[in-house]
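Features of the protein shown, as given by TrEMBL:
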BINDING   109, 110, 111, 112, 113, 133, 134, 146, 155  NAD(+) binding site
BINDING   188, 251, 267  Zn(2+) binding site
DOMAIN    72-182  domain '3-dehydroquinate synthase N-terminal'
DOMAIN    185-327  domain '3-dehydroquinate synthase C-terminal'
């Protein structure tokens, strides 16, 4: 079983992703991999994760001979904004954090993105580590150095590429997730397989029962595979000037739906909906067959990932995609499947094409 994965940045070793069954090895790994004496450490988390793990993590870091503080905010996408970042800045200023201080992102994607952005910008950059506790953050957002927050109606509009010093993944924490959070993560797992590894996609189908039962070995394998896929892409294209855009499969329409539903649907669920639209567009280009479209939709259903949504107008969804960061001129750089297990980008979809694909997921 995969124990660790080295991520390179600009052709140099940058940080390790370490996979463990619990938090018992966190401080040992931190000391051996980061190997730096910080004057102060702030553990940043949300109200849900704080109840589960904050005391344990604080106790562990108090053995690191640093002053240890914590900062917690209300759980949810609504907190992923500059107001919370400003509160974190003030907290760090009040406790006299320096460039020799460290932030620890303990939680899901919102915590990791916000903490990473604060680390990238406070004092023009201080170190941080990722300790992702959700499936979505373990397989996607904690890997690759994308940080940021939402701004008004624009998702992830303010951000920076900023690499952590370490990513520590407690696979056992996935047993604490509610079903919606787990389903969200599986949306990103299926996405990773579809864009990069047909064999992994077939493995997911064959092992769906074990994954839904949250079997440790199955989850550890899936998380490791997804991290390997994303890590490889990020090493080649760290700042999304080329193939890293393939990781956005399902995200353009998914983000639009997520925003229009006022974040009542989880990110991974909305990505699932976006993938369905993108699969139909791939089929329109004769890249995937009708049978493959049906098979992918059935696989999404097998993991309880939604394939349709109500209460939305296709014209409104299309308009919401126009605020996407991946616009090139007045066109969206859309990620499609060139084949199952292989992604590509396409710029020439008309609004009529997109409305047709959006309508496929609306009821």
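Cβ coordinates are placed from backbone N, Cα and C, and glycine is handled just like the others.
Each residue in the domain '3-dehydroquinate synthase N-terminal' (72-182) gets a DSSP state, and the totals come to 49 helix, 34 strand, 28 coil. On a Cα basis, residue 155 (NAD(+) binding site) lies 11 Å away from residue 251 (Zn(2+) binding site).
Annotation for residue 111 (NAD(+) binding site): same-chain Cβ neighbours under 8 Å, separated by at least 6 residues, are 44, 45, 46, 49, 105, 137. Taken through DSSP, the domain '3-dehydroquinate synthase C-terminal' (185-327) splits into 102 helix, 2 strand, 39 coil.
Here NAD(+) is bound by 109, 110, 111, 112, 113, 133, 134, 146, 155 per the record. The longest Cα to Cα distance in that group is 22 Å. Within 10 Å of the C-beta of residue 155 (NAD(+) binding site) we count 22 further C-beta atoms, all protein chains included. A simple Cβ count within 10 Å picks out one of the binding-site residues 113, 188 as the most packed, and that one is 188. Note on proximity: of the binding-site residues 113, 134, 155, the one nearest residue 188 (Zn(2+) binding site) is 134, by Cα distance. Sequence-distant neighbours of residue 267 (Zn(2+) binding site) (same chain, six or more apart, CB under 8 Å from its CB) are 77, 109, 136, 184, 187, 254, 258, listed in sequence order.
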